[in-house]
Amino acid sequence: MSSTGTNETEERGNSAGGARTLALTVFFAAIGGTFQYGYNISIINAPTSYIQNFINDTYMERWGTGLDTPQVTLLWTFIVSAFSLGGLLGALLAGPMAVRFGRKVSLLLNNSFLLVGAVLVLTCKVAKSFEMIVLARFLVGINSGVSMNIQPMYFGESAPKHLRGAVAFSSAVFTAFGIFFGQVVGLTELLGSEPLWPYLLASNALPALIQLVTLPWFPESPRYLLIDRGDREACVQALGRLRGGKVPPLEMKEMLQEQQMSAALNSGSSAPAKTPWSLFKDPDLRLQLRTVMTASSAMMLCGNDSIYFYAYYIFLEAGIPPEKIQYITIGTGASEFTASLLSNVLIERVGRRYLLIGGYSLMVCWTIVFTVALTLQSHGVTGMPYLSMACVFAYILSFGLGPAGVTGILPAEIFDQTARPAAYMVAGSFMWISLFLVGMLFPFIVNGLGNYCFLPFLVVCVVSAVVLGRTMPETKGKTLAEITAEFDRKNGRAFQVEEPEQYQPDVMHFLVPLVN
């Protein structure tokens, strides 16, 4: 065989090895990351009545009297809300953790919140304390808040430019898979029965243990190692493992350029991580921050989680027996999972901007049809329950196609290394506050507006599509410098960065053992 053929074979082998390492890194980070978010918002639905009975029985045993239905509902609301409040705290912790410990180590440390929560749930019956469930859900919320911010950051910084969107979007794929898998595990034939509900809520410990055993063997974010820690050698080693043993000169040059941009903005010295307050005060980042805040708020205010809640009523009106609705509900999770897989394929072809705006535009259409169907259904028009049921699936598919995944990768693509953790803190805070507000207000919206209860979500989707269409440039296949230039033009500014020192592959070229 000629030397040229041998070199080509080695390059293909190195490329395949790098792809394998990147894929395994993504899988083991996500299985204990955003998968847990989807899984934990899903598994709480099946044991609702069992937990409410446990609350009432515990209260009666303590005080000799039972609780009224509104009081039980109020305590159940505390359990549900604890998850959102924990998520908000987790989002605020994510930035400092990502800077201090790094992306990978932060994900590993994050499992401690979840494991403590699992112990609390498993022992709450023995302790006869429903307060332990509230605390457990709060800790699980912290875990989700941290992972929802740090995992997309980790993926966006570890993937090559041509795969950056698809790799980062996999966070949404694992979230959707977590929702679907939680619905399956929550079936009454599995862990969704009265004796087993504590084991259902504690089953999230298994993915956490898998991550703790596997993720330490994979590399840290190369950008974090170079720009935050200033460790060029460790960056090259990590990048080599993720790219099959060879360090791509152009990718290294791009990271050096980002490092120089950060230094230039900080008068030549190594730039410290920004705080959320410094982002709000920086006029050069105002448009980027406004884009992220709008997208993050809209993701939770658009009503996708509420339509999951409303689905039970819709399926019941369509004539599905109550005991069979749990199986149909699995279809809603499967729909979002399918849409996220499709979007993962399309994101590097269609682009982020069109998926995000197109997703909200489709949701506007389905909200209008859904409202008309609900109104006609209340007047006894034949076939409307089936149209309403179709709208439920169409709405979830549209959400999964764009907003569910694109929103999470925006801070990783439009902010530099020093601003990225703070940007995720802001985005996560707006997301969790919005989720909390929707969870608290939606029952009152249903009572007040009846069949028109989805009109507020219609307004959110319209405003989001318009605002993001005006402010957000396309980021597909662009470097941070190119994306920043797009925002600078929208801001009426121009920022010039000197060419960074040329990266020399013959000097800094490593062959690093791959993870088999």
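Any Cβ shown, glycine's included, is placed from N, Cα and C.
Residues or ranges marked as transmembrane segment by TrEMBL: 21-39, 74-95, 107-128, 134-154, 166-185, 197-218, 291-313, 325-347, 354-374, 386-410, 422-443, 449-468. Residues annotated as domain 'Major facilitator superfamily (MFS) profile' in TrEMBL: 26-476.
Simply put, out of 134-154, 166-185, 291-313, 166-185 has the most Cβ pairs sitting under 8 Å from the transmembrane segment (21-39). Here the transmembrane segment (107-128) does not touch the transmembrane segment (166-185). Their Cβ atoms form fewer than 3 pairs under 8 Å, with each pair 6 or more residues apart. Long-range contacts of the transmembrane segment (291-313) within the same chain: residues 41, 325, 329, 332, 356, 360, 363, 367, 392, 395-396, 399, 403-404, 406-407, 410-411, 414, 423, 426-428, 430-432, 434-435, 437-439, 442, 446, 453-454, 456-457, 460-461, 463-464, 467-468, 471-472, each at least 6 residues beyond the stretch ends and with a Cβ under 8 Å from a Cβ of the stretch. Below 8 angstroms of C-beta separation, residues 291, 294-295, 298, 301-303, 306-307, 310, 353, 356-357, 360-361, 363-364, 367-368, 370-371, 374-375, 377-378, 403, 442 of the same chain, each at least six residues beyond the ends of the transmembrane segment (449-468), sit close to that stretch. Averaged across the domain 'Major facilitator superfamily (MFS) profile' (26-476), the predicted model reaches a pLDDT of 88. Most Cβ pairs within less than 8 Å of the transmembrane segment (134-154), among stretches 74-95, 166-185, 354-374, 422-443, belong to 74-95. By the count of Cβ pairs under 8 Å, the stretch nearest in packing to the transmembrane segment (325-347) among 74-95, 166-185, 354-374, 422-443 is 166-185. With a threshold of 8 Å between CB atoms, the same-chain residues lying at least 6 positions outside the transmembrane segment (166-185) that come near it are 22, 26, 30-31, 33-43, 45-46, 148, 151-152, 155-156, 158-159, 191-192, 200, 203, 326, 329-330, 332-334, 336-337, 339-341, 343-345, 347-348, 400, 404-406, 408-409, 412-413. Sequence-distant contacts of the transmembrane segment (422-443) (same chain, at least 6 residues past either end, Cβ-Cβ under 8 Å): 77, 80-81, 84-85, 87-88, 90-92, 94-95, 98, 141, 145, 148-150, 152-153, 273-276, 278-279, 288-289, 292-293, 295-297, 299-301, 303, 305-306, 309, 407, 410-412, 414-415, 453.
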